[in-house]
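Copied from TrEMBL, the annotated features are:
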TRANSMEM  20-45  transmembrane segment
DOMAIN    100-519  domain 'Major facilitator superfamily (MFS) profile'
TRANSMEM  179-198  transmembrane segment
TRANSMEM  238-259  transmembrane segment
TRANSMEM  265-284  transmembrane segment
TRANSMEM  350-374  transmembrane segment
TRANSMEM  380-398  transmembrane segment
TRANSMEM  405-424  transmembrane segment
TRANSMEM  430-453  transmembrane segment
TRANSMEM  465-489  transmembrane segment
TRANSMEM  495-514  transmembrane segment
Amino acid sequence: MPTLDEVLESVGEFDRFQKQTFFVLCLLSAAFTPVYVGVVFLGFIPEHRCFSPGVAELSHRCGWGLEEELRYTVPEWGQHSTSFASHCRRYDVDWNTTGLSCTDPIAAFLGHGNSSAVPLTSCRDGWVYESSGSSLVTEFNLVCEDSWKLDLFQSSVNAGFFIGSVNIGYIADRFGRKFCLLTTILANAICGILLVFVPTYLWILIFRFLQGLVSKGCWTTGYILVTEVVGPRYRRTVGILYQAAFSVGLLVFDAIAYAIPHWRWLQLTVTLPSCFFLLYYWCLPESPRWLISQGKNDKAMKIVSDMAKKNQKMPSHLEDIKFEEEDGGKQTPSLIDLVRTPQMRKNTFILMYNWFTSSVLYQGLIMHMGIAGGNMHLDFLYSALFEFPAAFIIIITIDRIGRRYPWAASNLVAGAACLVTALIPEDIHWLKVIAACVGRMGITMAFEMVCFVNTELYPTYIRNLGVMVCSALCDVGGIVAPFVVYRLVEVWQELPLLVFTVLGLIAGGLVLLLPETKGRVLPETVEDVENLHRQGAPKEKQIYLHVQTSEVAHD
């Protein structure tokens with residue numbers, strides 16, 4: 001009896017049917033962008049200072065321009081305009097006092113001495129923001145003592161990713177890819193729309209967490225479905241391009257955010273299209289591979305028949321095909337198996353660290369660019385464009401050079417680029433942006449490679465568990481990243497980049513300790529994993545003949 005992969009060779013591995021499925025699921029991948037990196041625009045931090053009652057009237061009476069007003073009335077504005085005091089403290093004086101000088105108004109409160117002797121107080125009357133739009137920061141005053149709440153906003157969605165991935169993965173395996181996809185699309189749309197209308201920060205945090213709970217699982221289910229309906233020759237390329245569709249979403253999100261600078265309208269605009277994804281009920285198939293695994297061969301055969309008709313490839317023997325049911329249940333996966341033997345233990349720890357590093361650097365570089373000065377929208381655009389070469393470099397190199405060296409190089413490039421970005425002076429902003437974009441390309445490539453190399457380093461019976469456990473560190477990295485960025489910039493603007501440098505360089509070095517999987521079939525047992533580092537070509541061919549018709553389905 002043939003396997004599904006053998007049947008796909010007859011009815012089309014990547015023809016019209018699969019291309020349609022691939023296109024509609026790429027739209028889903030692109031729509032995930034506002035959830036994953038939305039904090040850049042939804043939580044934009046504009047230039048701000050304390051509101052001081054009476055300053056506007058004094059400025060009007062004296063005929064000051066903005067720069068004069070700031071110099072005379074804001075603490076440490078001159079040489080230290082980005083200091084904590086200039087953003088979060090104001091002079092504890094009454095600017096409505098009569099007789100204040102227009103050339104040195106603070107002198108009236110000194111007698112003799114300098115302005116540093118004037119007592120300061122907190123921004124108890126609020127802040128003034130230099131922004132034409134609005135963000136979470138300006139609406140809820142998430143600055144100074146409350147700036148950590150912005151970190152929590154981004155961490156909450158990553159906490160949702162962490163908890164939701166496991167549960168959504170179970171739903172996809174238990175009830176099917178299509179059912180899981182539609183339910184998570186609906187839940188994501190409802191949470192995204194409700195987030196627009198809730199009035200308090202706490203409710204925004206709750207709905208953002210709920211969005212995270214379903215949205216990453218939705219994206220992952222789409223990834224699984226698109227790779228399960230194509231033939232084995234196209235599976236890896238389709239998976240990489242599905243991730244590249246996320247980069248297209250970055251460009252679209254940047255354009256929408258530029259046109260709509262108010263965060264609630266922006267959130268509504270990027271969420272409403274999700275409602276149209278419910279139409280996938282009529283235009284997406286269930287995964288025939290999942291149906292076969294559930295013993296529903298008749299339904300799988302119906303989908304394969306529809307596939308053959310749309311691809312205009314109808315084998316004469318199609319009606320007589322009976323699918324081979326894969327033998328399962330021989331070994332029960334256990335968490336201890338991930339660290340039981342030396343090679344498995346090494347693979348697990350290195351993969352966990354690389355998932356963590358990829359997430360911290362990817363999200364961290366995006367968030368750091370949003371607060372680094374310059375034109376935020378242009379910088380975001382340039383860095384997003386640099387993601388596209390990453391996908392094509394992977395496609396070109398993995399089957400020629402292998403996995404290990406391009407993967408290690410991408411981490412090393414990302415780490416080195418972060419160091420260069422930190423060392424470039426701010427007045428050469430264009431060069432700083434280029435260096436940051438190179439780092440973004442490197443970590444994008446590393447992120448995409450860890451996704452599929454992870455599957456190649458675990459045996460069949462524990463592969464899903466291995467990927468789930470290791471990739472969970474990605475969400476832990478996402479929880480940590482906003483605190484690394486937003487807290488460390490208060491110490492020094494470039495300090496997060498130095499942390500990214502260390503993480504990236506270590507990740508690149510660790511990758512070189514992993515075995516090369518180019519030209520190797522997926523391992524069946526722990527013993528196969530332990531022998532991956534050995535160059536046993538004849539044995540490799542023998543294993544290939546044994547598992548070719550069944551194991552490639554897990555790639």
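One-based numbering along the chain as shown.
Quick reminder: no glycine exception, Cβ is built from N, Cα and C everywhere.
Annotations in TrEMBL come from automatic prediction, not curation.
Remark: the transmembrane segment (495-514) contacts the transmembrane segment (405-424), by the rule of 3 or more CB pairs under 8 A. For the transmembrane segment (405-424), the residues of the chain that approach it from at least six positions outside its boundaries are 354, 357, 361, 365, 390, 393-394, 397-398, 431-432, 435-436, 438-443, 445-446, 449-450, 453, 494, 497-498, 500-505, 507-509, 511-512, judged by C-beta separation under 8 angstroms. Through the fold, the transmembrane segment (179-198) approaches residues 28, 35, 168, 171-172, 204, 207-208, 210-211, 213-215, 217-218, 221-222, 225, 264, 267-268, 270-272, 274-275, 277-278, 280-281, 284 of its own chain, all at least 6 residues removed from its boundaries and within a Cβ separation under 8 Å.
Between the transmembrane segment (265-284) and the transmembrane segment (380-398), the number of CB pairs under 8 angstroms, six or more residues apart, is fewer than three, so the stretches are not in contact. Relative to the transmembrane segment (238-259), the listed stretch 20-45 leads the set 20-45, 350-374, 380-398, 430-453, 465-489 in CB pairs under 8 A. Note on the domain 'Major facilitator superfamily (MFS) profile' (100-519): its mean pLDDT in the predicted model is 87.
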